[in-house]
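TrEMBL annotations:
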type    : residues               : note
BINDING : His193, Asp195, His249 : Fe cation binding site
DOMAIN  : 175-281                : domain 'Fe2OG dioxygenase'
Amino acid sequence: MFQTAFKYYKSRNPPPSFEDVLLIGSDHPNLKPVRVDDIDGQCFAGLLSPSEWKVHELTGRPGLLVVANPFTAEAQRQWMTRSLADYPNPPNTTNQSGVGQRARDAVGSWWEQLQTIPTPAERRTFAKSLRWATLGYQYDWTNKLYDEARREPFPPELGALVRHVATTLGYDRFSPEAAIVNYYPAGATLAGHTDHSEDDQTAPLFSFSFGQPAVFLIGGTSREEQPDALLLRSGDIVVMTGASRLCYHAVPRVCIDAELPEGLGCSAARWAVLGAERQDAVQWGAAVEEYMRHSRININVRQVLRENQQTLQRSGLG
């Protein structure tokens, strides 16, 4: 049932209907409102006050929380820029780490290299080459585990954001220790899977979406169960807690606004140009805008260790 739904929403010809896709923040019987309160009146820069957040739990998936975009437009651009300009850099690992690239790539980061490519078509092709980056505990995709010997500092600004969201939602003991940043060009997919490599599989998983919309499938603990489909738009947050933490999930479709029925796209909330934080802020903002016009970025953050556990029991592979 899960794979059937995945193929349906992935299909290009014919394209799927979006009539059964839930829109985060909407008034729908399958979305149960969850009340959150300000904590000592504290707000986080770039986020709305928690009392203004639209938080729901998916009624058929206990523990699956969704937060309709609580970010300001400028904050979204800042997280997009960090994801593009900072997070793919050493000591973080990417799908390109250790892989030879074109001659023009000999100097500079992936993002800097992208800016040197003269034509939009070539830039789009090169942009698609980056698919993931790992932060904090570096994830070994081959062996499906984390390694104490490859534990890097977790980005402090991302850690602060996740702790604020976690505390607001009642998970004040959550410790952000690893993240995978996924880069999805339009048309990319992520197959159905569960996240079970962490030593603590009871801690929630926080997932932040930026850029173009995507269809997100959340099923049960078996691939035989019919999944629910959610439309994730820029700034939306998914939190997998409780029973939903080990459920199958996938991204069968990354959309461009024009593919969606009227009212479902993001065009009404285009991202503001970043302030003059860099000497080339206007040019840099335009480069981010160009990339995001055809792409989605997802930052999913995990707690690897159990509470009061200081290190992984294993060190090294094998």
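Glycine is treated like the rest: Cβ placed from N, Cα and C.
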Neighbours of the Fe cation site His193, Asp195, His249: Cβ within 8 Å of the Cβ centroid, same chain, sequence order. Gly192, Thr194, Cys247, Tyr248, Ala250
Measure from the Cβ of Asp195 (Fe cation binding site) and count the other Cβ atoms within 10 Å, all protein chains considered. 16
Distant-in-sequence Cβ neighbours of His193 (Fe cation binding site), under 8 Å, six or more positions away: Tyr248, His249, Ala250
Around His249 (Fe cation binding site), how many other C-beta atoms are within 10 angstroms of its C-beta? 25
